[in-house]
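Asks: The feature region 'beta-sandwich subdomain' is assigned by Swiss-Prot to 1-194, with sequence analysis given as support. Swiss-Prot lists 1-647 with the feature domain 'GH81', giving sequence analysis as the kind of evidence. Annotation source Swiss-Prot lists Mg(2+) 1 binding site at Ile31, Asn34, Gln35, Tyr36, Ala89. Annotated region 'alpha/beta subdomain' per Swiss-Prot: 195-288, in sequence order, evidence recorded as sequence analysis. If you look up Swiss-Prot, you'll see 298-647 marked as region '(alpha/beta)6 barrel subdomain', on the strength of sequence analysis. The annotation Ca(2+) 1 binding site is assigned in Swiss-Prot to Asp365, Glu373. For Asp712, Asn714, Asp716, Gly717, Lys718, Asp723, the entry in Swiss-Prot reads Ca(2+) 4 binding site, with the evidence type sequence analysis. Annotated Ca(2+) 5 binding site per Swiss-Prot: Asp748, Ile749, Lys754, Asp759, in sequence order.
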Amino acid sequence: MPPGAKVPQAEIYKTSNLQGAVPTNSWESSILWNQYSLPIYAHPLTFKFKAEGIEVGKPALGGSGIAYFGAHKNDFTVGHSSVYTFPDARADKISDFAVDAVMASGSGSIKATLMKGSPYAYFVFTGGNPRIDFSGTPTVFYGDSGSQCLGVTINGVNYGLFAPSGSKWQGIGTGTITCILPAGKNYFSIAVLPDNTVSTLTYYKDYAYCFVTDTKVEWSYNETESTLTTTFTAEVSVKEGTNKGTILALYPHQWRNNPHILPLPYTYSTLRGIMKTIQGTSFKTVYRYHGILPNLPDKGTYDREALNRYINELALQADAPVAVDTYWFGKHLGKLSCALPIAEQLGNISAKDRFISFMKSSLEDWFTAKEGETAKLFYYDSNWGTLIGYPSSYGSDEELNDHHFHYGYFLHAAAQIALRDPQWASRDNWGAMVELLIKDIANWDRNDTRFPFLRNFDPYEGHSWASGHAGFADGNNQESSSEAINAWQAIILWGEATGNKTIRDLGIYLYTTEVEAVCNYWFDLYKDIFSPSYGHNYASMVWGGKYCHEIWWNGTNSEKHGINFLPITAASLYLGKDPNYIKQNYEEMLRECGTSQPPNWKDIQYMYYALYDPAAAKNMWNESIVPEDGESKAHTYHWICNLDSLGLPDFSVTADTPLYSVFNKNNIRTYVVYNASSSAKKVTFSDGKVMTVGPHSMAVSTGSESEVLAGDLNGDGKINSTDISLMKRYLLKQIVDLPVEDDIKAADINKDGKVNSTDMSILKRVILRNYPL
């Protein structure tokens, strides 16, 4: 560790049962960092640990202008009849979407189990009984001192209090109700109810004694169908009765267009919209994966001379990053990662070599720590189980903030190198270090206890969290959803480039799921999340207890919008799911700015607008615009002009390969596929289109024309020595036709309109795998 470097606090509020790396950056994380906790947003319930016990609440919704709130409020506190103040609260177990926390003093203790998406909370007591201190005197709409359960209303919210059979209640009619547990039974649960009918209370009582003991999420990518299936499972222990299930409340991104669930008639109004309930212990979601690309193709309506000039300008600045901390240095790597393919497309070998040389040497420098070195290194903190890069920024060291934002840029650069140099990316060289970065932010291997499972990603809420400690009254938060998605697309590229399907599928799970969540909770594309009183069509930040139109710095409204677009890469096409929304978002930004054009970040805004009207975006952009620090003139110009030529993303068509995109202009589709493997690949699209793509190359096909694989001179779908022999005979005029249909197109590998010795040279290099088609 560098001298003077900062690390997270030494104290972790956990019991000895919580072994291995500590989960951070989650909805429940404030338990681990604090003596008690700050509000915990499990939805539909919220909680807060304090000296007297555990506050329970169902937020009231309200707000306008800059923010809309669903803040925690204390409807009642679950306390202990024999312990009036506990010294602290400690995490005892954290599973995929639930947490057990223990409060103990002497022989008295409470263990609370809180689960994301559960209307229940479960408690186990030792040395005393449950004491419920209400924020006022509740109305009891069901039960008396001898009932097994009570139905109560407090602050307009209905709850069920569920005790073991044989229990007694004291204090009914006052603000404090104590449950006297029978001998040998130490469990107690509560549930927030959708209404105050006895039938609803009875239904919830049926599952109130099925205590959740574990939760798990599993995912599966079907390459043939281009679908992602995610299965959520809660294990339960039945304390009494014969029922073995529970009630689960699903977020809109989970129930929307989901034919695999049977919703109950019970719903909850929450900050995330309506949560629908199901009965059982498991459910699944199935999403379409719409593909990503490592870069857009060379099909733009650009002036190639101007584009090449922009590339040369950037090449001169390649070794001059804005700063050397993990975030800003990472953004510089991201800028070069997007420019590298453009240099290749232009045949600008000098710029290409300069970009890739700097990217390699920089990553190797960061991945190597020497005695006495003070900067550009990573340190593993074994107390928390995390990899910290130094120099750090924005609390990435002491608070473990934003690791997925920072490291995503490093991963993107590594993936771009891996697509070109598999040897560099091998585990014997630099690949193992790249995978450590992946594991820090999204460890998929439950057996690797050096890092927590999916640190930054919330499997149930479907998106990432940025704060390591979640130490805010509004819970955890995430501002730049697009930087999270940048990390996930980089994981897809890395997995595909290195042939590691486990890592690739991890990336597809994270990317696809977060895109769904962003469309719901940041953009409200379906118009059923944001309250009309909020007054905006977009959330700059999403918190556990609010969504808002503000950012972490004193930025312009262009920045407030653009922070959820950047970095724009060939995996950012998801932003174009609803072109009309893009127009609305852009126009709202201009109204807020009070200008006819964005005051700054013009390149980001025009790249975004190009997903609605690329021709207009092309007219708005000009080379005098100062790029955002993670962007370049070359990439902005290339992006806008490609969309001007290709059209908008077409999400109605999928393919049986992970690296693809489909575009549509004037009802004519263009299909783009990248094949990262070392052999030719046949790709079938859901509309029947078939393409054959050469190894380590990108192919583009428009309309229904048959796709010709450059270099495949005999039409067998492969590029090998047979094609070399055919090319030689063709050039020597020993044959006048090649076996493949459209022989000139197949033989003209550099697409200069001629078939000559240059094409032969390229073909040989392709076979030797040192030239990308």
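Using the three backbone atoms N, Cα and C, a Cβ is placed for every residue, glycine included.
Show me how these features fit into the structure around them.
Replies: Counting only residues at least six positions away in the same chain, the Cβ atoms of Tyr13, Ser37, Ile40, Phe49, Ala89, Arg90, Ala91, Val99, Ala101 sit under 8 Å from the Cβ of Ile31 (Mg(2+) 1 binding site).
Secondary structure of the region 'alpha/beta subdomain' (195-288), assigned with DSSP and counted as helix (H, G, I), strand (E, B) and coil, comes to 12 helix, 49 strand, 33 coil.
Its own atom aside, the Cβ of Asp365 (Ca(2+) 1 binding site) has 14 Cβ atoms within 10 angstroms in the protein chains shown.
Residues near Asp712 (Ca(2+) 4 binding site) in space but far in sequence (CB under 8 A, at least 6 apart, same chain), listed by position: Ala680, Thr692, Gly694, Lys718, Ile719, Asp723, Val740, Ala746.
If you draw a 10 Å sphere around the CB of Asp759 (Ca(2+) 5 binding site), it holds 22 other CB atoms from the protein chains shown.
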Asks: Residues near the Mg(2+) 1 site, Ile31, Asn34, Gln35, Tyr36, Ala89 excluded, by Cβ within 8 Å of the Cβ center?
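Replies: Near the Mg(2+) 1 site, the remaining chain residues are Tyr13, Ser30, Trp33, Ser37, Phe49, Asp88, Arg90.
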Asks: Could you check which of the binding-site residues (Asn34, Gln35, Tyr36, Asn714, Asp716) sits closest to Ile749 (Ca(2+) 5 binding site), going Cα to Cα?
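Replies: With Cα distances computed to Ile749 (Ca(2+) 5 binding site), the winner among Asn34, Gln35, Tyr36, Asn714, Asp716 is Asn714.
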Asks: Provide the number of Cβ atoms within 10 Å of the Cβ of Lys718 (Ca(2+) 4 binding site), excluding the reference atom itself.
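Replies: Counting Cβ neighbours of Lys718 (Ca(2+) 4 binding site) within 10 Å gives 16.
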Asks: For Asn714 (Ca(2+) 4 binding site), what is the tally of other C-beta atoms lying within 10 angstroms of its C-beta?
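Replies: Asn714 (Ca(2+) 4 binding site): 17 neighbouring Cβ atoms within 10 Å.
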Asks: Under a criterion of Cβ-Cβ distance under 8 Å and sequence separation of at least 6, what residues of the same chain contact Glu373 (Ca(2+) 1 binding site)?
Replies: Pro2
Asks: Determine, to the nearest whole angstrom, how far the Cα atom of Asn34 (Mg(2+) 1 binding site) is from the Cα atom of Asp365 (Ca(2+) 1 binding site).
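Replies: Each residue's Cα considered, Asn34 (Mg(2+) 1 binding site) and Asp365 (Ca(2+) 1 binding site) end up 36 Å apart.
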Asks: Please determine which of the binding-site residues listed here (Asp716, Asp723, Asp748) has the lowest count of neighbouring CB atoms within 10 Å.
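Replies: If we count Cβ atoms within 10 Å for the binding-site residues Asp716, Asp723, Asp748, the smallest count is at Asp716.
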